[in-house]
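The following features are taken from TrEMBL:
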type: DOMAIN; residues: 19-79; note: domain 'HTH tetR-type'
type: DNA_BIND; residues: 42-61; note: DNA-binding region
Amino acid sequence: MKTPSASPRKRRPQAERSADMRARLIQAAITCLNRNGYSATTVTSVADEAGASRGAFTHQFPAKTDLMLAVVQAVFESDSAAYNQTIEAMAPAQWLMALPQTMWGVMSRPSGIAVMEIMLASRSDPELAEKLRAQQKLIDERAHQWSAERIRAAGLDPIPEAEAVHELYVAAVRGLALEAVFMNNADGVQRSLQVLTDMMRRFYPAIEDKL
């Protein structure tokens, strides 16, 4: 009697395999950027980290610049999901008061450091800088809209300088995250974050009644 042969393993659709490879390369780039910095993050190092061939890399990303822009976009989407999780866990006013700590948790993780590496590198790469500015402009517009929505959700009206305040918080927390890469200053970071929290009360005094 013949033994039934095992059914052939079903091959995943090409689109699914391509998306998986793209995600692996983006995550590998984040790892390399965080660990080694921008200049040492090469096509070869990313492909090796992802366990992929150079051909697989160039099929997804014709140039390093294309990968870097994909990293920034992927990190923004991941960060947005992280913020949305915290929104679901807290009342709107409490969420605003916790925003500096939330931003720190997002921006100080490896993906946040990777984005900063890309931003700093764009200073000496005109092509990357031009494309990154255009991409960042769209991200900022979405972030400003989202910030205003959260303020209104807390029963407050955004102040005229709301966008500038949002940019100030982003720049401050990003700067703290960058400094923390070089300095073991956890206490100093927490003091600075507390200052940003206290500033929220000054920008929106009525928030106390919403807590």
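Including glycine, each Cβ sits where the backbone N, Cα and C put it.
DSSP labels the residues of the DNA-binding region (42-61) in these numbers: 15 helix, 0 strand, 5 coil.
Across the residues of the domain 'HTH tetR-type' (19-79), the predicted structure has a mean pLDDT of 97.
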